[in-house]
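Have a look at the structure below, then the notes.
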Ligand SMILES: Cc1cc2nc3c(=O)[nH]c(=O)nc-3n(C[C@H](O)[C@H](O)[C@H](O)COP(=O)(O)OP(=O)(O)OC[C@H]3O[C@@H](n4cnc5c(N)ncnc54)[C@H](O)[C@@H]3O)c2cc1C
């Protein structure tokens, strides 16, 4: 009797009209919602924090956010970054998106390893290896290229507006479990867990690999904000331009399991000093106090890297996409693209029976 009701129900609401439910409205949930809506799916996002909010646990409000090729990742993961670059490069034509094309200079202390970030030369524009006279003598090599930076204070509201214009819905709500969502949306068959660090505590996820990784950046107001500087070696330091907000973001630090919302002035002073050494033409040794403000955010990191997979639980498909640590923006639209394909596979299984 129960089963026949279930079969009957399944034909009452066609699959494509059952909302895909996304838990989380950070860059991962919102990029995915936009892409699903563009493919004609109906989408509801449920989240405690929504675009425009500023809570240290809402990582997407605080990112740098530069597109930088990650080292040590798989071919599939590289492709997610490449897709992101393609989508965001187009967005950069519209300043409302908060995405800008900037020059980048990257200095390395050692020969690049075989799985280093250099693979990104196939994705970015105008890549060239620098002549030793064009980078400081304490480095082994240097690269120049064009890359993308995203101003999250503009990009998240831009995404919210796009999602609403495409017919998506936001519900502000904290949930204790995915099960709570199943009860809220009984006709839905597809649920996407894009809850970032939330996956550590959701009762039916409790992913112990997830951990918080605190970031604290300095925002320096300056009109000299057209070039990104990056060094990854003994020092992990970046200067990320934010041209639409007339400033640069100086970082970085990664502090595991520190959850303090207070500015640590020792870190701030150290970041300014490191950024000055890396880009003295942009960052003065002693910037004026009124030109400096601070950014604090908790990265949703995960031991073993991010999770992206599909599980079948009874008649529901659960897609997981969380744990993006310090790279959620650089992976975002590629992950959204992969999730759309996973949703379409589930759709096919449901409609071709
Ligand atoms: C200082 C700093 C600098 C960074 N720089 C860069 C950079 O240069 N480039 C880059 O690519 N990335 C960067 N990042 C990383 C990037 O910000 C993150 O990887 C990305 O924002 C993660 O997005 P997300 O959507 O997975 O998670 P989040 O943005 O944290 O969103 C999680 C969502 O899930 C919701 N949620 C969680 N649990 C629940 C629950 N139980 N109930 C309801 N809702 C829930 C939250 O409310 C929120 O809406 C940086 C991060 C920081 C902090």
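Yeah, the Cβs are placed from backbone N, Cα and C, and that goes for glycine too.
Annotated domain 'FAD dependent oxidoreductase' per TrEMBL: 20-341, in sequence order. Summarising the annotation, TrEMBL assigns FAD binding site to 175. Under the heading D-dopa binding site, TrEMBL lists 238, 299, 326.
Taking the features listed in TrEMBL, we show where each one sits on the structure.
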residue: 175; record: FAD binding site; Cβ contacts under 8 Å, 6 or more apart: 23, 46, 181, 202
residue: 238; record: D-dopa binding site; Cβ contacts under 8 Å, 6 or more apart: 64, 66, 228, 229, 230, 231, 249, 250, 251, 252, 275
residue: 299; record: D-dopa binding site; Cβ contacts under 8 Å, 6 or more apart: 59, 212, 213, 214, 215, 254, 325, 326
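Using the Cβ center of 238, 299, 326 for D-dopa, the list of other same-chain residues with Cβ within 8 Å runs, in sequence order, 63, 64, 215, 251, 252, 254, 325, 327. When the binding-site residues 175, 238, 299, 326 are checked against ligand 1, 175, 299, 326 have a Cβ within less than 6 Å of one of its atoms.
Across all of the domain 'FAD dependent oxidoreductase' (20-341), the predicted model scores a mean pLDDT of 96. Other Cβ atoms within 10 Å of the Cβ of residue 326 (D-dopa binding site), summed over all protein chains shown, number 21.
Taken residue by residue with DSSP, residue 326 (D-dopa binding site) is part of a helix.
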